[in-house]
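Working notes, beginning with the structure itself.
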Amino acid sequence: MESLIKSLDSLYCDSLTGYSRRKTIPVRVGDVLIGGDNPIVVQSMTTVDTMDTMGSVEQSIRMIESGCELVRITAPSIKEAENLRHIKAELRKRGYKTPLVADIHFTPNAAELAARIVEKVRINPGNYADKKKFEVIDYTDASYADELDRIRERFLPLVKICKENGTAMRIGTNHGSLSDRIMSRYGDTPLGMVESALEFLRICEDENYFDIVISMKSSNTQVMVQAYRLLVQKLNEGGFKPYPLHLGVTEAGEAEDGRIKSAVGIGTLLEDGLGDTVRVSLTEDPEFEAPVAKALIDRYSERKSHEPIPEITHYPITPFEYNKRQVAEIYNFGGHNVPRVITDISKIERITDREMKVVGHFYLPELDKWKMNDQGCDFVYSGSNPIPFMLPNGMKEIQDFAVWNLAPDQVNKFPLFKLEEYKGAKRFHSELNFLEISALEIDAAIPAIAGKKDTVLILKTANTHSMPALRRAFVSLLEAKSDVPVVVKVSYPDQSADMTMLYAATDVGGLLIDGLGDGILISLEKEAEHTRAEVLEQIKLHNTVSFGVLQAARTRMSKTEYISCPSCGRTLFDLQETTAMIRKRTDHLKGVKIGIMGCIVNGPGEMADADYGYVGSGKGKITLYKGKEVMKKSVPSEKAVDELINIIKEDGMWNEPETI
Ligand code: SF4
């Protein structure tokens, strides 16, 4: 991968420090323009059967009313493609001009028809001209070229129809559904994803057809981010036009997990100015998707006016593959430890043992015992409100230096210094000290911590271009060859829980994706006028969001991961209900990945690296997988969850849930 990294001039974005949206060509989709100087477009996809005309229309309207500017509808065969005509006519009759996008997998004939009806067609280059057989084929250059000729022949009619009808196209690569040809040559990699799109893009450009948007989706946020970055670099180097990018994380899941995972992937790219249209895919009704996409996008409307960040002249980070920054092991930070969660409880005076449940540690008075769940934080920051009881479960307390300095117990508590305090301090903890600095203080902090093997940095910034400002400080540490572990601290003012999830996932997740950060601390910025219960609720949110961000960036697994598709007109069961049912039985299986897919056509491919899969294969019938291997076919749906659990048990990955 090293050979893919070129000078900063040809990096994947305009600037690593100043917010600048990548210049793309505008692509017209009906009345909507994607790319160029146009605002980032919000889109989403229907979930009702495309043959249900009125159902599709009603759902589209709900989506439009919630902020969706482009409505995608699946067209699995000719008959659904034909029905797009009726859906479109009804929407127009009711005064809705929102452009429609036909979603195509495997069926060129449906694409060719749909391209004459709707404003945009999405094709998946992994399955437009190929059926997936999971075969590894040894291609010679000549046989590979023959394959490309075959694709050209299959794809060319669609390109011509789009060109004639002014229909736009998305070449939408999915990590989980790369063709056997691409997998054989490039493997399951970001480069394979990019090449998959470029094969089709070359055919379009040869025909002088440029109304194209490209996506590189994956449910793995690291792969997704790397693939988009690599795509931009390959477009630049290959002399292609700067096509707009459609951003999305596939199978992100539901609720908090789905939002956090989407924000880690999409937000990381938006920070670097990539992305012209966004679809957040949640296993929820589609009208819940647009507000999340909009909340992510809206952060950038004023971003240009951020405080300047010192430029980067040499970039020591590989943006196309995951490399954890090498750091020393200090206490239980850094080294080979998972990133740590520090939860800020400093705004609560004299917290009680029973209130500690908000940070995942439960006191059971009848047994006089403590228990913790999978999201029990590692450290609490109590500031100047020391905890008045002994802490359980190996959890440790961090106090402000002034408090720690006078505390009777200086062994089991750890001090947090400001830079000036640290420089002038006569007393340190023998094993672990925290130095909190802003990104702007990094150059002053580096000499102060040089050679210290008892200090962890807590890094924060007040810059509104937060992630790049923090990343810039990491670049200084890398340049200085400092191996100090770093906890990333973010603070937010009063805002909704959703905003906090999305912002923290972007600001911290964007660093974790590049291997930066050994811990997370989400700080409470509020004072007064909040009840104790409200503050405790915030602390609970920050604690769970911290674990969620670490998991979504794939750096610390603390819960079961559900890779569930958002559902569409192909879906064979109620995804939301089924996901909830599976979650209820399996959400104690820490680190296990379960794919829940609505159809057998795309599901097995798209559940990517799930350990187990639950895939709709017919009305009331489920096929169960272990990895990519089919374990049981056509299981009646009422027995399928039990059978799934049996497969997990037989595989030795089951444990019984604990009750707290
Ligand atoms: S996997 Fe889910 S979203 Fe994808 S095509 Fe099948 S049902 Fe639709």
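Placed from the backbone N, Cα and C atoms, the Cβ positions cover glycine too.
Taken from TrEMBL, the feature domain 'IspG TIM-barrel' covers 25-293.
Looking only at the domain 'IspG C-terminal' (561-649), the predicted model's pLDDT averages out at 90. The domain 'IspG C-terminal' annotation in TrEMBL covers 561-649.
The secondary structure of Cys599 ([4Fe-4S] cluster binding site), as reduced to three states from DSSP, is coil rather than helix or strand. The [4Fe-4S] cluster binding site annotation in TrEMBL covers Cys565, Cys568, Cys599, Glu606.
Taking the mean position of the Cβ atoms of Cys565, Cys568, Cys599, Glu606 as the [4Fe-4S] cluster site, the remaining residues of that chain whose Cβ falls within 8 Å of it are Pro566, Ser567, Arg570, Thr571, Met597, Gly598, Val601, Asn602, Gly603. Counting residues of the domain 'IspG C-terminal' (561-649) by DSSP class, helix then strand then coil, yields 29 helix, 30 strand, 30 coil. Annotation: Cys565 carries the greatest number of neighbouring Cβ atoms among the binding-site residues Cys565, Cys568, Cys599 [cut-off 10 Å, Cβ to Cβ]. Over all protein chains present, the Cβ of Glu606 ([4Fe-4S] cluster binding site) has 27 other Cβ atoms lying within 10 Å.
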